[in-house]
Amino acid sequence: MSFRTEPPYIHGSTPKTAVVLVNLGTPDAPTTSAVRRYLKQFLSDPRVVEIPRAIWWFILHLVILPFRSGQSAKKYASIWSNEGSPLKVHTEKQAKLLNGYLGERGHKVKVVYAMRYGQPALPDVLRQLKADGCERILFLPAYPQYSGTTTASIFDAVFSHYTQERNVPELRFIKHYHDHDAYIRALRKSVQAHWDMAGRPDKLVMSFHGVPKRTLTLGDPYHCECHKTARLLAKELELTQEQYMVTFQSRFGKAEWLQPYTAPTLQKLAKEGIGRVDVICPGFTSDCLETLEEIAMEARHDFMSAGGKDFNYIGCLNEDDAWIKAMAEITELHLIGWPTIVPPSLREEQEQQAHISREEARRLGADQ
C-alpha cells in the first residue's frame, strides 16, 4: 500500500471545519465527447449498475456509449445556459449561499461543492481541503432520499479516497433528510407560491427518480423515503389522497423499475379527463436534465398530446431562500459537537495557546 504525500504538518495550527455539498454531476459541455466521458464514469460505478463487470463492460462500451452519447448531448444542449450546466450552476450557488448563511449565524466553516461524477471532482476537492488545513469534514449529499445508487456511492468515493491518506480528518456524513421539517416546509412554500400565481391543478404529481425494483426487495429504503416525503408534503398542502400521486421517472434499460412510471401515468391521466396537472420533483434539489428536459419538455409533450389541457412544472428548490435556510438547519444539526461557533474571547485564547504550542515545537526542533 502506497500513500499520497502529505503537506507538512504545521504545529500550533487551528483545525478548520468544512462542509462539502455533493451532487451527482454533469458533463463539462453539451457535446458528444464530453457526454461520453461523463456517462462512462457514471455508468461504470457498480453502485449505479449492478451487473457483472465483464458483461457490463461490453454492453457499456459497444452499445450504450456509442449510441447514447450523441442522443444525450442533444438533450443537454436543449437545457444548457450561458452560465453552463444548470445542475452545476445551481449547486455552486447553493454552496456559496449556505457558506454565507452559516457565517451569518456565527459558524466558522468553509462550504464547498463537489460532484460524484465530472467536475469539480470529489477527490480534487478533498485534496484542496487538506491543503487548506480542514481537519473536520461534513458531507451533505444533494439527495434528500437515501439510495444505495446515489448517497452510498458518495460514501464509497470518500472512503476510497482516504484509504490512500496517512492523516485522515474527522468525517461525518448526512445520510438523508427526506422527512426533515425544514426541507418539507421549503417544498410546501415552493408549491404554494406557484399555486398563488397559477391556481391549483386537478392533480399534483410528485415525480422521483426511479431505481430498479429489485433494490427495494433487497433492502434499499429509497422507495419508502420517497413516499414519506410525498405524504408529508401532501399533509402540509392539505391534500387528499385523490389530489396527488407519486411516480418514478428516468427508467434506464429493460428491467422493471419502481412504478408507476411518470410518462405513461401522465398520458393515462390525460385520457381519463384530468385537464391540468402540476409536476414537482422533490428528490432533485437542483434543476437538471431530468427536470428541465425530461419533465418540463418531454413529460409535458406526453401529457398534452394525450389530451391534457394544462401542464405546469414546478421548479426545484435551487437557490430558494427557504431551501438555503433548510440546508443550514440540516447542516447545523450534524455539526453539533464540533467547535464551529467560538466566542471572540475564547478564539483569542485558542490563538494564544496555538502560538505557545508552535513555539514549543520549534524549541524542540520542529521546522514548522
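Placed from the backbone N, Cα and C atoms, the Cβ positions cover glycine too.
Residues or ranges marked as Fe cation binding site in Swiss-Prot: His209, Glu290. Annotated region 'Disordered' per Swiss-Prot: 347-368, in sequence order.
In the three-state DSSP scheme, His209 (Fe cation binding site) is classed as strand. Using a 10 Å radius centred on the Cβ of His209 (Fe cation binding site) and all shown protein chains, the other Cβ atoms total 25. The local packing around Glu290 (Fe cation binding site), expressed as other Cβ atoms within 10 Å of its Cβ over all shown chains, amounts to 20. DSSP assigns Glu290 (Fe cation binding site) to a helix in the three-state reduction.
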